[in-house]
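Novice: Sharing a structure with you now.
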Amino acid sequence: MSPAAIIAPSILSADFADLGNECSTKIKQGADWLHIDVMDGHFVPNITLGAPIVTSIRDHVERPSVKHGKGTFDCHMMVAEPKRWVKNFQEAGCDLFCFHYEAAINSTAAETPDGDSDLNTNPKEMIRYIHELGMLAGIAIKPETKVDVLWDILGSKNEKEVPDMVLVMTVKPGFGGQSFMPEPLTKVEELRKRYPDLNIEVDGGLGPGTIDQAAVAGANVIVAGSAVFGKPDPAAVITLLRDAVEKQRGKL
Ligand SMILES: O=C(CO)[C@H](O)[C@H](O)COP(=O)(O)O
């Protein structure tokens, strides 16, 4: 059976002028994690936020007391040079650092803000580095990236190099409010078949109309931005998303 449902509202659709309150309210309304979309204007054609904002919202949301627990900051790093920001985000209060496979393999520079210039951004090295800094590690793939690129990483004999979560994008990364792409769900199915215990996250266009397809495919970590923030009853949407996943797990 797949792991329990985890609902992670994407703050991309929050009121940024009231971000601390928006985040703490979503946790009170039943969210498990907060999905924090970090965009650098290079990896994706949009700019959002950096570590100082994560530090500010951390003051409003208690740190999880257990691994994967309530209040986990799931930082989705849509940045061209993810290794530069690992330490920076750990210090800011990030719990799960999720980088893009495509960025890691194409990254040429990895100088951190401290001047640490380790140029090795191989995905397994990245995962080890994130774990050494005490965070959970996630690896994300864009809709056009084949799932096969993950087999070597997920099959690593060194547990420090194995990710805690795989994120399968169901929209092109860059903007909230896009239409859900069903094609990437075949990747979720294959991941779930091979790795029954893996946390598999889907992100992009998820809401009441699309959650069932994602849940049937085997996703258990559900990111939803525009379907949750600014809606009249966010708690009801969060419950609906959770129930769809739990139904597939035979828990409802
Ligand atoms: O990573 C993202 C975009 O790159 C967002 O997290 C995602 O699109 C969520 O927004 P919505 O639920 O409105 O589609």
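Sequential numbering from 1, following the chain as shown.
Note: Cβ is positioned from N, Cα and C throughout, glycine not excepted.
No curator has checked TrEMBL annotations; they are predicted automatically.
Quick paste from TrEMBL:
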BINDING   SER10, HIS76, GLY174, PHE175, GLY176, GLY177, GLY205, GLY225, SER226  substrate binding site
BINDING   HIS35, ASP37, HIS76, ASP203  divalent metal cation binding site
ACT_SITE  ASP37  active site, proton acceptor
ACT_SITE  ASP203  active site, proton donor
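Explain the structural surroundings of these features, please.
Specialist: Taking all protein chains in view, 22 other C-beta atoms sit within 10 angstroms of the C-beta of GLY205 (substrate binding site).
In sequence order, HIS35, ILE36, ASP37, VAL38, CYS98, GLY138, ALA140, LEU167, ASP203, VAL223 are the residues near HIS76 (divalent metal cation binding site), counting only same-chain partners six or more apart with C-beta under 8 A.
Under the three-state DSSP scheme, ASP37 (divalent metal cation binding site) falls in the strand class.
All chains included, 29 other C-beta atoms sit within 10 angstroms of the C-beta of ASP203 (divalent metal cation binding site).
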Novice: Can you list the residues of the same chain, besides HIS35, ASP37, HIS76, ASP203, whose Cβ falls within 8 Å of the divalent metal cation site's Cβ centroid?
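Specialist: These residues sit around the divalent metal cation site: ALA8, SER10, LEU12, ILE36, ASP74, MET78, CYS98, LEU167, VAL223, GLY225.
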Novice: Which residue, of the binding-site residues SER10, SER226, has its CB surrounded by the fewest other CB atoms within 10 A?
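Specialist: Sparsest of the binding-site residues SER10, SER226 by Cβ contacts within 10 Å: SER226.
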Novice: Using the structure shown, find which entry in HIS35, ASP37, GLY174, GLY176 (the binding-site residues) has the sparsest Cβ neighbourhood within 10 Å.
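Specialist: Each of the binding-site residues HIS35, ASP37, GLY174, GLY176 was scored by Cβ atoms within 10 Å; lowest is GLY174.
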